[in-house]
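Read through the structure below, which is laid out as structure tokens, and then see the notes.
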Amino acid sequence: MGVKGLNQLIKEHSPSAYKEFQLKNLFGRKVAIDASMCLYQFLIAVRQSDGQQLTNEDGETTSHLSGMFYRTIKMVENNIKPVYVFDGKPPVLKGGELEKRLLRREEAQKQKTALGDEGTVEEVLKFEKRLVRVTREQNEEAKKLLELMGIPCVDAPCEAEAQCAELARGGKVYAAASEDMDTLCYEPPFLLRHLTFSEARKMPIDQIEYKDAIAGLDMTKEQFIDLCILLGCDYCESIKGIGQATAFKLIKEHGSLDNIVEWIKNNKTKYTLPENWPYDEARQLFMNPEVTNANEISLKWKEPDVDGLIEFMVRQKGFSEDRIRSGAEKLKKGLKGGVQGRLDGFFKVVKNDDKKRKADPKETKSSKKKRR
């Protein structure tokens, strides 16, 4: 679900934290990607001309494999080294959000069934996309594909976006990539959004710098997390009637979520706290996420296993052999050279003074002549 309204708040108060650029501008970077999120995107976006998901002759869905294969190759061609991080066991506190998602899918199924044969193609597709979920089998297939491609995978003990942020904080990668804005609660130096979107969507990649974001909001790490909880996150519901502007204002006025809760309890306000609201437990999940220390993780990009790719993608999943071989060659070429260094990795940027540097009063005319 992410954090409702956080994107707009950062854009309003911390515009310098945002940058937009194309995939090629990430050349020379290593990036940790929330795998579950991008698999979900591929299942929704990678479709046939009639809007149906890609399937093989046996009727098995292959949209997730197609999206993962070709988008990863595109990154490697641009001299980017991706590492995919998969979700582990969800926190107990997330159970409520997962139950809501299940109920939404059940409702979408009912609405789709009610359409019968009278629904338009667009109406049917709308409900089909709401029914999409990433299965355990699809996760395992994606891991197998990435292993054959020579791309490293990491199994997070809990939330994938928290592990992505840990890899970025630990210097293993440049940034965490996810569509979930709550990734910022785990303090990655940079958050990348839209990284795995299809080029056909023509959406630039958004980069949000964490340090600039909270500086512009003029908040501490703890206040930023409280703001995200107040806006509504995966771990607990929001307070009815409190939108992004009000949430920001309340954090500024009261300083913390604890003080806001006390203020609501002790004053006649129009706000009602949810029953047994676990905001402090949610805060602890953001403050102390269950992750594997970055120093304990070794990331290695290897040459693709072409024979293995042909066996899995062509013989088992029904993809074109020519296309898989062509993709494997692109991977070989991209991974063989390693990540080229970026210029900003060799030079320190020094700001120029606004005024022209005045000549040293001790400097003699003769010394000026010698320099000419």
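Keep in mind that glycine also has a Cβ here, set from the backbone N, Cα and C atoms.
Listed in Swiss-Prot for this protein:
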- 1-105: region 'N-domain' (REGION)
- Asp34, Asp87, Glu159, Glu161: Mg(2+) 1 binding site (BINDING)
- Arg47, Arg71, Glu159, Gly232, Asp234: DNA binding site (BINDING)
- 123-254: region 'I-domain' (REGION)
- Asp180, Asp182, Asp234: Mg(2+) 2 binding site (BINDING)
- 339-347: region 'Interaction with PCNA' (REGION)
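Annotated features, which come from Swiss-Prot, shown on the structure.
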residue: Asp34; record: Mg(2+) 1 binding site; contacts (Cβ under 8 Å, 6+ apart): Val85, Ala160, Glu161, Cys164, Ala176, Ala177, Ser178, Glu179, Asp180, Thr183
residue: Arg71; record: DNA binding site; contacts (Cβ under 8 Å, 6+ apart): Cys38, Phe42, Thr196, Ser198
residue: Asp87; record: Mg(2+) 1 binding site; contacts (Cβ under 8 Å, 6+ apart): Ala35, Ser36, Ala156, Cys158, Glu159, Ala160
residue: Asp182; record: Mg(2+) 2 binding site; contacts (Cβ under 8 Å, 6+ apart): Gly2, Val3, Leu6, Glu161, Cys228, Cys233, Asp234, Phe286
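Fewest other C-beta atoms within 10 angstroms, among the binding-site residues Glu159, Glu161, Asp180, are seen around Asp180. Of all Cβ atoms in the shown protein chains, 21 besides its own fall within 10 Å of the Cβ of Asp234 (DNA binding site).
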